[in-house]
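Novice: Pulled these features from TrEMBL for this protein:
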ACT_SITE  40  active site
ACT_SITE  88  active site, proton acceptor
BINDING   40, 229  Mg(2+) binding site
BINDING   41, 42, 43, 44, 45, 57, 85, 86, 87, 91, 210, 216, 217, 218  substrate binding site
Ligand code: FPP
Ligand code: MG
């Protein structure tokens, strides 16, 4: 018993020391301005822990708040979280009900959470929002309205989001603008195109992190991720620690970003 207690104290001390060391190291380098997070492995984590899959999303939801705070403390200005893909909409009704319930709690918390005001975070939902229920759409609008005064930090919440759908939606808007005579076809270039995306020409992600060991983007920010550094980690989303995030940033800082040059 006493041995276990000593062991846990020692481990805690080592962990804290390592976290501080990493933090100092990372603070000396160039911080990514925009990070994309693919929050994967929630159900697998829950099953391994002996919980129901829904519990995985509940723990995952709590972890989102923790990780966002780490990002804001580090001075990362834009964070995009992949909460629900268009493919995820085919999951069982029970699972979707639980995810939408959590999303509602999340947007309600944005309206009340002092951290949003403290870090001056502008919130924007991106995706096929029209497929969501009226209550959720209303909460999203309220959260966006309440935070539109902020420009310091930005949080994009990708919900009912698909990268191909986003590109198709942008294409339709561009065709409409051309037909109305508001846009000349010869003026369409990458810059103009990106302004028609849900992210409206905002800075592309410098770094995209996916948890759970899966190594693919699953349509996440399909256009915007063209030159992003990708970092895949084996840990499941609910168990991600600050040292995992710091290691990802350290790896990003060590990689030489050349944009094809
Ligand atoms: C992927 O894990 C994650 C999701 C489909 C949903 C992620 C949503 C949350 C963590 C909670 C909602 C958060 C907010 C901010 C509203 P998975 O279900 O695919 O798990 P698996 O890969 O282990 O099967
Ligand atoms: Mg998954």
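Placement of Cβ uses the backbone N, Cα and C atoms for every residue, glycine included.
Those TrEMBL annotations? Automatic predictions, nothing curated.
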Novice: Identify which of the following recorded positions, namely 87, 88, 210, 217, 229, place a Cβ less than 6 Å away from any atom of ligand 1, and list them by sequence position.
Specialist: 88
Novice: Which of these recorded positions (40, 43, 217) have a C-beta closer than 6 Å to some atom of ligand 2?
Specialist: 40
Novice: Substrate site residues 41, 42, 43, 44, 45, 57, 85, 86, 87, 91, 210, 216, 217, 218: biggest Cα-Cα distance, Å?
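Specialist: Maximum Cα-Cα distance: 22 Å.
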Novice: Other than its own, how many Cβ atoms are within 10 Å of the Cβ belonging to residue 229 (Mg(2+) binding site)?
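Specialist: By my count, 18.
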Novice: I'm trying to understand the geometry here, so how far is the Cα atom of residue 45 (substrate binding site) from the Cα atom of the residue listed as 'active site, proton acceptor', in Å to the nearest whole number?
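Specialist: Roughly 18 Å, rounded to the nearest whole number.
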Novice: Counting across all protein chains present, how many other Cβ atoms fall within 10 Å of the Cβ of residue 210 (substrate binding site)?
Specialist: 23
Novice: Counting every protein chain present, what is the number of Cβ atoms, excluding its own, within 10 Å of the Cβ of residue 85 (substrate binding site)?
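Specialist: The answer is 20 other Cβ atoms.
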Novice: Tell me the Cβ neighbour count for residue 217 (substrate binding site), meaning other Cβ atoms within 10 Å of its Cβ, over all protein chains shown.
Specialist: 17
